[in-house]
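Enquirer: For Asn93, Asn103, Asn223, Asn382, Asn522, Asn579, Asn608, Asn624, Asn625, the entry in Swiss-Prot reads N-linked glycosylation site, with the evidence type sequence analysis. As annotated by Swiss-Prot, repeat 'LRR 6' applies to 189-210. Look at Swiss-Prot and you will find 261-282 tagged as repeat 'LRR 9'. Here Swiss-Prot flags 285-304 as repeat 'LRR 10'. Feature annotation from Swiss-Prot assigns repeat 'LRR 11' to 310-332. For 421-514, the entry in Swiss-Prot reads domain 'Ig-like C2-type'. Per Swiss-Prot, domain 'Fibronectin type-III' is recorded for 523-617, and the stated evidence type is sequence analysis.
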Amino acid sequence: MKDMPLRIHVLLGLAITTLVQAVDKKVDCPRLCTCEIRPWFTPRSIYMEASTVDCNDLGLLTFPARLPANTQILLLQTNNIAKIEYSTDFPVNLTGLDLSQNNLSSVTNINVKKMPQLLSVYLEENKLTELPEKCLSELSNLQELYINHNLLSTISPGAFIGLHNLLRLHLNSNRLQMINSKWFDALPNLEILMIGENPIIRIKDMNFKPLINLRSLVIAGINLTEIPDNALVGLENLESISFYDNRLIKVPHVALQKVVNLKFLDLNKNPINRIRRGDFSNMLHLKELGINNMPELISIDSLAVDNLPDLRKIEATNNPRLSYIHPNAFFRLPKLESLMLNSNALSALYHGTIESLPNLKEISIHSNPIRCDCVIRWMNMNKTNIRFMEPDSLFCVDPPEFQGQNVRQVHFRDMMEICLPLIAPESFPSNLNVEAGSYVSFHCRATAEPQPEIYWITPSGQKLLPNTLTDKFYVHSEGTLDINGVTPKEGGLYTCIATNLVGADLKSVMIKVDGSFPQDNNGSLNIKIRDIQANSVLVSWKASSKILKSSVKWTAFVKTENSHAAQSARIPSDVKVYNLTHLNPSTEYKICIDIPTIYQKNRKKCVNVTTKGLHPDQKEYEKNNTTTLMACLGGLLGIIGVICLISCLSPEMNCDGGHSYVRNYLQKPTFALGELYPPLINLWEAGKEKSTSLKVKATVIGLPTNMS
């Protein structure tokens, strides 16, 4: 009982002390501000609960005169503070200071000598124009400095002296026009540098060499057109780099090869037109690759992504012109799990592309104009366990009979095993005006089974095969045509032709040089009959092909009193010989060639020719053949009739089913009519590019009355 008064006095003393501290705390907290304990993450991402004074968005004109002594985080964002005066009352434990969105115009107006424990300083969206020498040297413990979205145009070489513990530096969205490697001499421990969205003219070799511990570099939105080969030398610990939203026209593969520990690469939103062979190769630690939102990207070529043993994900989405991925584009990627190819212009994806990725688990190819034919049959043949992402958004665009259907619902047996080449319409423009002396490239790619061969035809009719190199032209093995030093003589129509054993496709581009075509020379057109047989005529022609459109059309008309038959084909302008077949013996034909020009004029010429008559031995041979053929057909029909009769008599079979079978059998020819004629005939009868044609017409003038 004697201890009871003592206990009461102790408890009363504690209560009074707590009350006094609470009153002091309330008195110390600046007017209108909020003072409380809040969660906070240090620059090292360590969680802590910090004493926070929140004075954001209060319209303050000056720095608070008095703060609680235990303040660790001070938030002064969105005020009108223009200067921080020296004070002896700065909290000694202040580690975070946010002065974003104020009126600070000079770092010299920020007196921070009494804040040695600061770890993070935010000066975003102020009016700072320069960083003079040693301007923040008192902040020896500073780890984060945000000066983005200011008006910085000048940074002195020694501006960051004293900040040897700095880990993160944000300088993006200022007015810097160059990067000085001397800035970084005082920052040996810097891990993250963001310097994008500045009007930097160029990056120089060794620009970042002092940053030996840098792990992340963001150089986004500064209109870079190239990266020097040695620009990234010295960044041995760099793991992530972003060149987002620049003007790179090709992958800076030489510079990237020198970042040996790179894991994440962002090249999104650059006008790169091709991912070429070796662009991403032998990058042993790369895990993720981003090539999204590239407005000019057309193709990913053979072995473009090769020997990346740790790569897990490729994102190549929202590229409006990406229409071709080579079957061997992705090679030696043993750990690739995710392939994102949605929202491009892909009509197909080769099975070989998928087969080369042994660990692939998911693929996204929806929102592409898929052509449901031979190339994508594999998707529905149950030959893969890969998960298709958003399969309900995967639709056929061609052919017409499958248009609008879900790709995964079209049975693979309904798709042909081989198919015509298709050159993507996005490959290159139909018309282009260039300046004399300029350099241009046209990227022609086509999908088909079997894989097509690609070549080009010049306005002069010259045929340029892959790997052809001349003074003016170079055709890459993938189908790209380079024209060097364009002159008015190189103006005219250039045609890319993709062909395989099924047929061909072509796409042309009309080039004007300084807004005009080559001068019209009113060239002539000559026709020559080179060979005449009973059932064929070999015709050749010679024209001033400089002014020809680079496609031709041949039409043969056969007239009798009661019949009219026509055959047609269109072939490249480099072909000046054509064999008219399936003609009648001893028949006079009128063969006409009609050539439209780039000046919308026509060259037309006709010749008359009579096919040879049949030799008596040939007549007898044909007669015997006809008799034999009729006998075979009669026998075949007899066998079919017996089968039908047996089918009708059988109680287990339906007679109507037999009739249906015969009817279907007779309606389906056992061979394609296209096999009787050159492959281009059926292709061009559909009327594609009818305006760019050369017509060869053969019309019957006299038909013999006695063929025996």
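Even glycines carry a Cβ here, placed using N, Cα and C.
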Enquirer: Across the repeat 'LRR 9' (261-282), what is the average pLDDT of the model, as a whole number?
Expert: 97
Enquirer: Applying a 10 Å Cβ distance cut-off over all chains shown, what neighbour count does Asn103 (N-linked glycosylation site) have?
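Expert: I get 13 for this one.
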Enquirer: Quick check: of the glycosylation sites listed here (Asn93, Asn223, Asn608), which one has the Cα closest to that of Asn579 (N-linked glycosylation site)?
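Expert: So, spelling it out, the nearest of the glycosylation sites is Asn608.
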Enquirer: Nearest of the glycosylation sites to Asn103 (N-linked glycosylation site) by CA-CA distance, picking from Asn93, Asn223, Asn608?
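Expert: Checking each of Asn93, Asn223, Asn608 against Asn103 (N-linked glycosylation site), the shortest Cα distance is to Asn93.
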Enquirer: Take the C-alpha atoms of Asn223 (N-linked glycosylation site) and Asn93 (N-linked glycosylation site) and report the distance between them in angstrom, rounded.
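Expert: Counting only the Cα atoms, the answer is 42 Å.
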Enquirer: Cα distance, Asn608 (N-linked glycosylation site) to Asn93 (N-linked glycosylation site), nearest Å?
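Expert: Their Cα atoms are separated by 104 Å.
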Enquirer: Relative to the Cβ position of Asn579 (N-linked glycosylation site), how many further Cβ atoms are located within 10 Å?
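Expert: For Asn579 (N-linked glycosylation site), the 10 Å Cβ neighbour count is 13.
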